[in-house]
């Protein structure tokens, strides 16, 4: 544009927002600044944020067309330049008021980035300078000159990728040196007076006026660039090189510019040189580069490409050229729009990245080397993605990347770049991410060996407050992670404080230190900060030691309790840690916690000192008489270590030796070894005289001969007597009156020793019977002596076990209305109050005999029967037994591989069999059998007879088909009567790599199948889930369908499996299970690909036999309900759901196949009549919440069970009336309210009639498995869940005519009773850690529950 434009004063000044009234694709967001030349704004577009530059048109005759064409051509030329961001659009249609330029918005330019924390380090500055030269080189090779390179026009993304933007070819090339108006108008947009323009672009004012005078028209201030000025005013490459040199110099001088306007004009005339600013550039090669680029003579400046070659290996490391530039360029492409994708790509390439940037796998080089510092550039890519990650897998992958790269990064990068994002992840919504973020944060901070001055208070002011909430997190795995890492966190915080103190002392002792005045009373500051640090850590340690979950306490003790002692000091270790640890022995139900106490007590006692021995003595004695033998072993080991460290006083040692010596004949091998270990350590600690005078008397009863070297374990073990028999020991220990038993055994011993003349038989018949039982098990006199030696231990152990039982009964008694019949000695008896209904004679007869049929020859040949027609045959062996037992006709294998009943036509069901290739005998005695006399009857009568026969057969087939429907079973193997699973984990299967979507069990329960988002279907052998095998693996894996497998179902009565993927594929698989478990095989039989645009992918599917057809019914996301006849490979029926009611999420088919019900994302439940294929009725949930899963009610034919989004609601609806009849409500919200304080939902349902008392299993997003007793709702309970699950009760109430069963959390924990299923006395985290997606059951020798979760875990429970 012409220079005269700068002198035009606008007649009207409008706000930049006013210019958006005429453009419709862009919505004004905010102003980015305005100058006389351009008004700049940020606008919203459907593809993201854009920058809009508005040029107000004061003169309508301005020739803007040529400029627009030039910008369009520039955009095309720079299309492949990855470091250039040209204007994407130029517009001049805004009511002719203004011309507009549009480009993508980038938040930061280089000017802002230089002064923004975290500040750029040396390698990042080199990387940006390298990219600036690369961008200039890309533009020049494309035939484009920029014309206005400055820090404001160099955009820097959050991952330090440079974009050169705002190409200014429309700005004047030459400026008058004596008139700053043009410079201010076109180039000084920031008003900083900073000048980046090459000196040759300034010309003498008089010459400037003379050269351009003939081109100007006084009435037109803007000239057409097609004139001679375009040739004379052409931008040169050297001009851009000068501007780029100024930008690079400002980058390396922390924002100090090389020139302002006056200095540049002086530099042009040789009166000024920016030597003072250049000297601030510490790196010699960079300083030399800038000096060459800003040379006053344009001819002395090289091309950008030449500078890149010249500085290769000098200013710019070799790795920029060979790896970083091509690797980072892929993230600038549009194909990597997702942060999750970037993280996964980097994780995949991590090995190659480390090899290229570090040259080795372990960080053994010095930190200052450029190769390793190149990782900082990669770290910026990772950190730029962290806040926008969506998926749990991506977040965990990012944390894994950080952990791998952290040892190779500098302290400043770890504290300034990594730590804030780890604290951000500690507030993530996913518990696994929070837990892993805490672990990663701890490991990263442990790598910091020096503390920068500006980070001296990072622990008390930033890190510890940032993770404080995790100590009381709702998820147990997060608190576990905190307990696991708090010792290392405290240790690292103390090291930080000591490093700061050491630095302060060094500064205080340094007489040349200018900052000595800032350091006052370092010792006082240290003591104060140490006390504050102790208080912060102590608060969290006490919280964790008081956690309701024992596993959290156990984890804290097992992971660094000794380091916490060192952190707190001796006094607080005794007052805080030891005082809380002692209370753990009071938990009689969790031996793991008690065992962890003895594992940890040695380190604590070693730090506190021998003074603690008096406190610990009764605790150790209690451990020696624990009811759990593992705890005894751990107590023995703790005593051995404490004795070895000299922490026990000598009187205590002898007292323990007397208690431990009887363990030398204990039946447990580990306890014997532990006792031997303690005895040998004591023998080494005391004098020889004490060994023989005080120690040997304890050992004599348990060794076969005297020994000298008691301190040697092998010697002592070799002379030990045989231990007491395990069976005798256990039987005696379990006896109720163990005191009387030992009294009698003691009398027998006295009689053997001659102290008593005679030992009368016991008066108590129970003791006599007990003694008789012990003698029958092989108890000898020697065994009696060993039992008497263990008397004290057995008495205490028996009492401890009795206390556990008493406590459990105490807890049981607190349950309202619960009576323990076993404790009262009442024997249960069962009497049938209702007699089973007798079937009519004609129905019983139909179960024993079958109707023969005149199947035509074509059908017979199709199904393999070659017998001549009309020949009665005997019923094949096994056929009528099958009919009697199942009420179903014998089945045949069709050409499609599906077991289906045979039929006489496509409409009329017929009950026949091809077993042994013989038809069955007739069922009706009145049936006219073909005979020889028919030959003599006329043809007409013969045809009439055949017609009558056909009609009878048709009637009979319809009757049997109806009977088959009436006798349809809900499931082939229902749970046994009174089945109440205890929530014991049997198998933990982690073969799937992504979310498991469905579980299905075969009809005979020998197999079950799972499908997952990882694209695989896995087949499992149910028999192997009983815990009898050492390993449990899937027997088959199928992964050839592609995409994510969303649903599957077994075909009724067969080992054929139908699966569906989100890529539109539906496949039928055959499983050869006859050879299990040796060589099972799986092979596809049929498949079809759905039209993704018309139908979409399958969301749910079911299979059923309708007699004449074997139908696979599936529903798609676009509303199609299709019945695929697997015999004919065609559609038996197709229904179309109206999407106005919402997308189909689930559907269920009536057991008699008369109707089906679909559930939608808008809460609608719609019924279809399967006979006429017409919609019947539609009902909607009051809150229009999404229907997650549908199932038919096992008892009421018109009821459906619907799991609804939110509040864990499961409701049962009468589809005939549209009423909600029964609701299960596991939420704290008021029942049937439309509020959702609980976002949890049920994702999986299993329902069974269970012998007339229906049961329901539900599982979902709260990771709990609930057992609902629909007949007696108060008996419902949580089978398994997270370890932090409080105890709950269930109450029934009527609300607005709907029966509601509500789950209410109890205020106090109630211990499990004997007859209430429970998870056992152990509090291990066996539950799912992610959303449970499905639940099913199978029966082998007992009933099992199988569940699957979103993290790919499959668990089996009983």
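Don't overthink the numbers, they just go from 1 along the chain as shown.
The backbone N, Cα and C atoms fix where each Cβ goes, glycine too.
Feature annotation from Swiss-Prot across 429, 808, 906, 1183 places phosphoserine at 808.
Scan Swiss-Prot for phosphoserine across 813, 892, 972, 1313 and the hit is 813. Given the ranges 1307-1326, 1327-1346, the record in Swiss-Prot names 1307-1326 as region 'Disordered'. For the repeat 'HEAT 1' (413-450), the predicted model reports an average pLDDT of 95. The secondary structure of residue 148 (active site, proton acceptor), as reduced to three states from DSSP, is coil rather than helix or strand. For the repeat 'WD 7' (1327-1358), the list of distant contacts is 392, 431-432, 477, 973-976, 979, 981-1001, 1005, 1008, 1010, 1012, 1014, 1020, 1022-1023, 1025-1026, 1243-1246, 1248, 1257-1261, 1263-1265, 1279-1283, 1285: same-chain residues at least six beyond its ends, Cβ to Cβ under 8 Å.
Counting only same-chain residues 6+ beyond the ends of the repeat 'WD 4' (1139-1178), those with a CB under 8 A from a CB of the stretch are 965-966, 968, 970, 1099-1100, 1102, 1104, 1106, 1113, 1115-1119, 1121, 1133, 1184-1192, 1197, 1200, 1202, 1204, 1213, 1215-1216, 1218. Stretch with the largest number of CB pairs closer than 8 A to the repeat 'WD 1' (991-1030), among 1040-1079, 1182-1223, 1237-1278: 1040-1079. Highest Cβ pair count under 8 Å relative to the repeat 'WD 3' (1093-1134), across stretches 413-450, 458-495, 1040-1079, 1182-1223, 1237-1278: 1040-1079. Sequence-distant contacts of the repeat 'HEAT 1' (413-450), counting only residues of its own chain at least 6 positions beyond either end whose CB sits under 8 Å from a CB of the stretch, comprise 117-118, 121, 376, 379-380, 383, 386-387, 392, 395-396, 399, 402-403, 406-407, 458, 462-463, 466-467, 469-470, 473-475, 477-478, 480-482, 484-485, 488-489, 491-492, 496, 499, 1329-1330, 1351.
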